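Only one structure is covered here, and it is reproduced in the block below.
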Amino acid sequence: MSWWNNADDESEASSSSSQEVLFKDKDELAKKGHQLYCEVMNKTSNKDQKDEIRKTHENSGTKFTDPQFPANSNSLAKDWKEMEYSMQKEWKTFSFKRIDEIFPQPIKVFNDISPNDILQGKLGDCYFLSTLSAIAEFPKRIEKCFDTQEYQPSGCYTVNIYDMGVETDYIVDDYFPCNKDGTIAFSGPKVESGITEMWVLLLEKGWAKRFGSYWAIDAGLTEDSLRDLTGAPCETVEIEDEKLWEKVHTANAKDYIMTAGSTGDDGCGDLVSEVGLITLHAYAIINAQEVKTKRGVERLLNIRNPWGGTEWTGDWSDSSSLWTPEIKKKLGWEDKDDGSFWMSFEDFKHYFSGVTICRVHDDYNYQAMHKNQKQGDFSVFKVNLAKGGDTYFMVTHADSRRFGGDDNYEYSPLRIVVAKVVGNELERVAGIASAFQRDTWIQCNLPAGDYLVYVEIAWVTDQTDQYGFSVYSSSAITLSDATFKESTFLERVYNVKLAQKMGTKRPIAAGMDFYEVLLDGENPETGKFFEGIYFDTIVNSTKDSVLEIEVLHKSFDNVELYGQFKGRDSYKYVIKPGENKGAVKIKVDLTESVDAPVSIRKNIKPAKN
């Protein structure tokens, strides 16, 4: 199907013309991108519709053509002005062809999935292809993205992607962009066994459809694509981290998925290309091993370039003299120009900027939901863990690509608080705050039972108020929205028991104490940040005295009182014998520091009989 120079096709000509009028600026493009995204979600993420499409076209002997992601210029790029002229010129020569017009039969979705199945084309999505290469080390994880491995005569396929953490099926047809000579323009399969495998092309197309065009998926972070293709939480470990090897080696032993990014001009500069590495490029880490050599124990990484060639040429490369027959056998060494190579960990630290680790557990359970939350509101989710165990609670923003690259869209600061339900009380388990990250997660090892998870997002954008909440656990999960039942969540969690356990104690008088808890700053146990909650608790353990107390703040910067004292900068209580009272204070801007020193005025008098 050729579309660019077809002057006789009135519908395509009008589509091109309307595009020029429609996208006058980035704001309009962002709004249109959001609209198209919602249409895609509503109209093509339905399994019943997929089955109906296949049946209809198979019965009629026709092929499905996707109206939401058509085989024309709009699916290549929405705003051509963002593309360099030379690339525009080349891409405008592309045409779309059916898979069986490009490759010979037999064709399958997948046959024998391998990290070496991937060849990058003329699209700069190495981050995505590196993700595929890393996941393909475990073929079953790729298979989970599809509902069939067989070629579909109807031309209708589905790709499973986690949108804001919620599993979503994207329906795609089998049209793919081709060069002028009819060869595939973007990612392509290796056809070594005589069978053409479509899985790379379909995943790339599903990823492009999700964001509106192929150009929209140019450049990105493997952390995002790993999360969205597996559902599992990801973390990026900086190259300076003293425990990097320990984390990588442990992750490899646990069959986690890993990728790495090479440095650019501000790092190793031209030296990178001289040793066979591509600057600012995403690679897959396939293996991490320690081997004994004449020089001592060597820490080695097996790395793959999604380009399918252009390999490291230094120590432990394919041609290195350091290889012995014993080490070759142990590590399964092969001398192939396939983009896969080994290098020492010391060299890796010099030429790479960090490692992304995706904590996939094939036997874990998963539940998720989308949630809309207005500015100033919060949400509370109820989670039941049938058996308990290792559990991740995750919050995911709408991806910035959803808004057509709008520069005004940013990921908002948020806080998460996890509490266990114990009778009529809530016990804080953990809390975290983050800012300007698409995904935030908190990991807990929990006993069986009911938990409440508080989520508050301080939106810095008005493009959306939607996010995804998900739970990933070794235990069976039941997830529900409990927001309307838990309006006093914070007051119930930050209570006297927690104050006495975690707070700084200041005696007021005999039998009267003031506890101050500051859950802010970096958590030394996790390296992440506490939830940005401050709270005071005053305890009167006397039997015959009443405490009249006023708590004042000499300054009150970037913090506010919560609940009944909201809007004030001080609070008062009359506390009878045996009573305790408290006040919760919330950090307003999670990215800034707080200044709120406390002073106390008190009056103690005998209790009336």
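Cβ atoms are placed via backbone N, Cα and C, with glycine included.
Looking at 1-21, 316-336, the range annotated in TrEMBL as region 'Disordered' turns out to be 1-21. There are 24 other Cβ atoms within 10 Å of the Cβ belonging to Cys126 (active site). Around the Cβ of His281 (active site), 22 further Cβ atoms fall within 10 Å across all displayed protein chains.
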